[in-house]
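J.: Annotation comment: TrEMBL describes A:16-55 as DNA-binding region. Annotated NAD(+) binding site per TrEMBL: A:90, A:91, A:92, A:93, A:94, A:95, in sequence order. Under the heading domain 'CoA-binding', TrEMBL lists A:79-180.
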């Protein structure tokens, strides 16, 4: 399928649609209108129609969108029809919490390896994964075709961990450390920094 | 200061600018150009100039932006010149991890209360805060003028916790639970769901 370049805002909304559509699918709901989606997700129905129209003519007037079809389309757009293996660096409280999200990660995406710099943690388990030393990172990325890395280490260690990830061939990073990573242009970094989320929320108070 | 309505994308970038500018300030750097900001933050300098121009004429040609002045302006726009008290519901691994961000939260914003539904956790401490029962939430919100609530509970419990927050008068929610919250229109919810972050990252692989 040919997909045009779409805006970051749309890419961020697609997983929101997908999560809700997956719920509808699980409840055997067959069609949904942009009105219903808008109400459930607190978004403007016109915005939703516009977002989904980026990818072709999904909806039918008076009927709405076919749930199963839309789920498959969004999964394909987000490349979730491929197997995407994820690794996690940092096995502290945050790493534990993140690995718990594995239960919610369907669609061929899974955290399959965990690394930590602390020798005392190596060999222990979180969420059924054995904590490995950073020295094994590069090899594991190749062996297990890992494509995304999650950074859940303190701010001071984040840049050097990110450099290791890039050196191992990772091109997508989800960064929980409250620091700006300097990365090559072909590496995509999403910041999931709690402080920044709270700061942007404050604007709306 | 009169501030026009600005787009969500800009509101999300302001904390990124602020974090970096605070670093510059700590290093006694006095001025910065949009080029320097762009390189450091991997953003287009023209975009940065456009974002900051929403709030007035901050920069000067050939000199750039005054760091201290810009920090104060962004803080005022984000309302971080006010005291903003935050509460956290959920004292599991995720709650622990989130409370650790308190060390990075400056600018008058702090997590000052933690709640959990588990009777075994009540009275214990995380990050110097004593875990309180949910029955004390409403009273604590009033007493301590809490304005933002962070939800770090399992998906099944998230909606009822959110309802409690709204009932207590909270109008800003940061939701870590992988579920769509149904909220009144005047309540602002930001989702910080790891699964959705990973799904949108996959698009760029």
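Positions of Cβ are set from backbone N, Cα and C atoms, glycine also.
TrEMBL annotations: computationally assigned, not manually curated.
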J.: If you count, for each of the binding-site residues A:90, A:92, A:95, the other Cβ atoms lying within 10 Å of its Cβ, which residue has the minimum?
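T.: Taking A:90, A:92, A:95 as the binding-site residues, the minimal 10 Å Cβ count falls on A:92.
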J.: Using a Cβ cut-off under 8 Å, which residues of the same chain at least 6 positions beyond either end of the DNA-binding region (A:16-55) come close to it?
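T.: For the DNA-binding region (A:16-55), the nonlocal Cβ contacts are 3-4, 6, 10, 63-68, 70-71, 73-75, 77-78, 80, 106-107.
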J.: With Cβ-Cβ distance below 8 Å and at least 6 positions apart along the chain, what are the contacts of residue A:91 (NAD(+) binding site)? List them in sequence order.
T.: A:114, A:115, A:116, A:118, A:121, A:124, A:126, A:131
J.: Looking only at the DNA-binding region (A:16-55), what is the model's average confidence as pLDDT?
T.: 88
J.: Quick one: give me the count of other CB atoms within 10 A of the CB of residue A:93 (NAD(+) binding site).
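T.: Residue A:93 (NAD(+) binding site): 19 neighbouring Cβ atoms within 10 Å.
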J.: Can you list which of the binding-site residues A:90, A:91, A:92, A:93, A:94 come closer than 8 Å to chain B, going by CB to CB distance?
T.: A:92, A:93, A:94
J.: Applying a 10 Å Cβ distance cut-off over all chains shown, what neighbour count does residue A:94 (NAD(+) binding site) have?
T.: 26
